[in-house]
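Peer 1: For 5-170, the entry in Swiss-Prot reads domain 'EngA-type G 1'. Here Swiss-Prot flags 178-351 as domain 'EngA-type G 2'. According to Swiss-Prot, the GTP 2 binding site annotation covers 184-191, 231-235, 296-299, on the basis of sequence analysis. The annotation domain 'KH-like' is assigned in Swiss-Prot to 352-436 on the grounds of sequence analysis. The compositional bias 'Polar residues' annotation in Swiss-Prot covers 438-454. Residues or ranges marked as region 'Disordered' by Swiss-Prot: 438-480. The annotation compositional bias 'Basic and acidic residues' is assigned in Swiss-Prot to 455-480.
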Amino acid sequence: MSIKPVVALIGRPNVGKSTLFNQFTKSRQALVADLSGLTRDRQYGDATYEDKAFIVVDTGGIGEADDGRGDIDDYMSEQSYTAIHEADIIVFVVDARAGMIGADAEIGKFLHTLGKPVYVVANKVDGVHDSAPAEFYALGLGEPYPMAASHGRGVGNLLEVLTADMPSQENVVEPRGLKLAIIGRPNVGKSTLVNRLLGEDRVVVFDMPGTTRDSIYIPYTREGKDYVLIDTAGVRRRGKIDEKVEKFSVIKTLQAIEDSNVTVIVIDAHEGIVDQDLHMIGYALDAGRALVVAINKWDGLTADQKNYIKIEMDRRFNFIPYVKVHQISALHGTGVGNLYPSILRAYQSSMFEVSTNRLTQILQDAVTANPPPTVAGRRIKLRYAHIGGHNPPVIVIHGNQTGSLPKSYQRYLENQFRQVFKLEGTPLNVVFKLNENPYANKSDTPTKAKTQQLRQRERNRAQKFTTKDKPRFTNKDKKR
């Protein structure tokens, strides 16, 4: 998997951006939807066209006024502004029925300053004159693409042009090695940690096909082990960046997490553990990625501050007791070297292999030590277990009445597997499957009474044959 190009849909409210989003993604299920404090005005979805793949962003509406007065900041929400800057391609959606109004012109002027490909979509052309889209030539952004997104008309033509220069997913060449993503809020020291991790190693820096302009893969070797560092902090090394662009970038973080084997989340010790840090940990866990936490700028704290942060870690990280937390100074290198053993253990845990026999034995040992509860007088039986996947590891347990197994007992089994196999830093998915009954939900289930009835019926038939179907000739007839 490579990091995909990003296409942002922008425009005034109610011009059809969400409808076009659904046409692109062919689903109403967004990759990320309404994450508190982060994506209030945006949702993200995966889109494909032929052998091309990209991420589409549906931004909030821009421009409530229609008099053309004021500058772009009067029209644009902060979240939409950020989405536009993190996109590779802009699709500017306008309303062909309403015609061009002042807000459209202001947005058009702003788009001219970005230096990014912009495609103007004149939506809602159904029921208007064929010449209506021509009005939007005045934006100076090229030919408007006529569309009726609600009916899917014109969507294919736009996708063909939009994806023309995107790389084929079949031809993307991935670098080899453990993929390591460094994520965190702005100014927590990600760039400093990246440089410290790379050290003086000879590295090859290159832009992979299909990556966003702000993310690069950096292959390097340390102690004979190949790594690929996914760097999303590169945008901050390109001179002065507008303050609004420096806001937390959800999409770059999500892409880095999805494409990684292990994610290192960097937290600023001076600011403490904030909700956004926990959101990012949640992203990594939801994606099933192995995780290591680095509390940066630790050496700048007083003894009292360090004690306070340790108490906060115990309180706020209590839902991830299996994740290793390191106190480091990326600037001075203190504790950075200790990250590597934790990264490797987390990766090995996420990819661990074990035989079905061994896994089933561990399951039976756990059940013997602490049997499952009874349901309606019958004890739940867990019969065998096997590996069902990696990164994250999946353990599949088969048995009867598994749907009635309490959450507390499921956690007990997960903890038993973690302890026995020493799994560190990775989520573990334990899946329960019900043994299939071929007679389930059928009216002819063979109960004991029915079986007896069937046997009696067969005996009756045999008796009828012996009494009614006697031979039609006698021994006397045989002699003839």
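Note that Cβ sites are derived from N, Cα and C of the backbone, with glycine treated the same way.
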Peer 1: Can you tell me whether DSSP puts Trp298 (GTP 2 binding site) in helix, strand or coil?
Peer 2: helix
Peer 1: In the structure shown, which of the binding-site residues Gly184, Asn187, Lys190, Trp298 has the fewest Cβ neighbours within 10 Å?
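Peer 2: With the binding-site residues Gly184, Asn187, Lys190, Trp298, fewest surrounding Cβ atoms within 10 Å: Asn187.
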Peer 1: Return the average pLDDT for the domain 'KH-like' (352-436) as a whole number.
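Peer 2: Computed over the domain 'KH-like' (352-436), the mean pLDDT is 93 on the 0 to 100 scale.
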Peer 1: Taking DSSP as the reference, which of helix, strand or coil describes Asn187 (GTP 2 binding site)?
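Peer 2: DSSP assigns Asn187 (GTP 2 binding site) to coil.
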